[in-house]
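See structure below.
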């Protein structure tokens, strides 16, 4: 395109747009009014988006006296990591004073099995829907997708009863099941669409060679669909790590995930507010999804686009 | 496995059926069964434990005469309308700006989208700190010499919902921008050339040609935002806990509090049924528009 057109030297008018005179779009300079407006706007907006992250980091590195005196935007005069240490290992929620580390490990123990289980279920399910259709399968699939729009609040209590009946209410395994259930619609959609888009001949050839349901899944589908598995993992890790509602409903204080514990630390009414510890705790909680986001880059965008746009 | 002599219907494709058991259970037991159960029990006077003691529409009468519920609904409407409008407008403008073949596009996109990776709890707590009247934005501006400057949404019950809106937009507009950007990229380059040849100004091209062409993207964005609005809960819990007073309560929080704190299950069920109803009101027309005429591909 002629967007980055430089002024052409005489005799090289090979653009073939206009024959006579200096017509056509003006060559754009780096400091054209358009560019100043464009980049100016984008930079201002970008600063707005970055501001909270900056304030979080800066606040968490200051001591409380400095916070009381200075303003939240100024960089720390004296960098201290004490708030981070305190947030991690000794911040209090109610009677417990062992910091966010407990919530962190709870979240790990919730997230890892939930991600594995939900993806295992949904990928096999999507594969069955794409390649092994049976009568009525699509009906259930439609119910599943429509169900994704039902507010969780409607289903919370019946699930409490079910979990209580099977003795898992309040335990981490109960929460893992809940995450697997609510991750199912979107993940199944994701995998179904991916497997549907794979060439049919591949599946037929494997059938002719005598491979069965699981054989085709493990030997052909699984190795060929690693990208979509990565997308699903990104989607689930951030989603489950960031969950609050299910955590607060289905776990007990000693099994609270990190988000719930963070909220309890920051919004606890007792004691003096330690804003630096609060912000350190907030960053710590946001760190896992942020790392996932920055490491995965374009795949993250693909994941949320897959999660957002129907197939 | 694949015997050619007529196998039993039930056992045909058995592995696929076994693999679909979790889906079938989720669809029937949780989604259909759970919703039906909640709707059914919303007509009872369950308190601490669910009991089938029907009282007709009593819970709904009580619901709609509870000030806290009315405030919740009002908040949801204000928040909903504004977040719809602003998300779409800001998302589209950002996408259009990024679509100008600029340099560092990836950097800008990364910056606009990163809040979306953060949870509502983190978002709410950060903005609670930024909007802290003593140390936050208000304090800083006052410190610069503008003593009468006032911006404390979280402590002013008239505008608290806008404080939540700011945080929600910060967190969510990146996603809408990404959707819009994908939509803009999907538009044929020739459309732009034709518009340029006809001498249509850029703004007009966007308004009258591009946006109408992006209707499916807008509808998708609309559904995503709307589904998120009804569910808004964590953000309010983290940022204001519903305060000051009951000024920033939302329906989802009402449901949770009545079910798990007030031990008034019937109220919680009635309120969650109303939430379900509002989603149905949004989703059904959309599904009709989207899938009514043509078969789904």
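Every residue, even glycine, has its Cβ placed from backbone N, Cα and C.
The range from B:133-158, B:159-184 that TrEMBL describes as transmembrane segment is residues B:159-184. Away from its own ends, the transmembrane segment (B:76-98) comes close to residues 105, 108-109, 112, 161-162, 164-165, 168-169, 172-173, 175-181, 183-184, 206, 211, 218, 221-222, 225-226, 229-230, 232, 250-251 of its chain (Cβ-Cβ under 8 Å, at least six residues beyond either end). Looking at which of B:159-184, B:205-230, B:269-289 has the most CB pairs under 8 Å to the transmembrane segment (B:110-130), the answer is the stretch B:159-184.
Beyond its flanks by at least six residues, the transmembrane segment (B:21-43) meets 50, 52, 54-57, 59-60, 265-266, 269-270, 272-273, 276 of its own chain at Cβ-Cβ distances under 8 Å.
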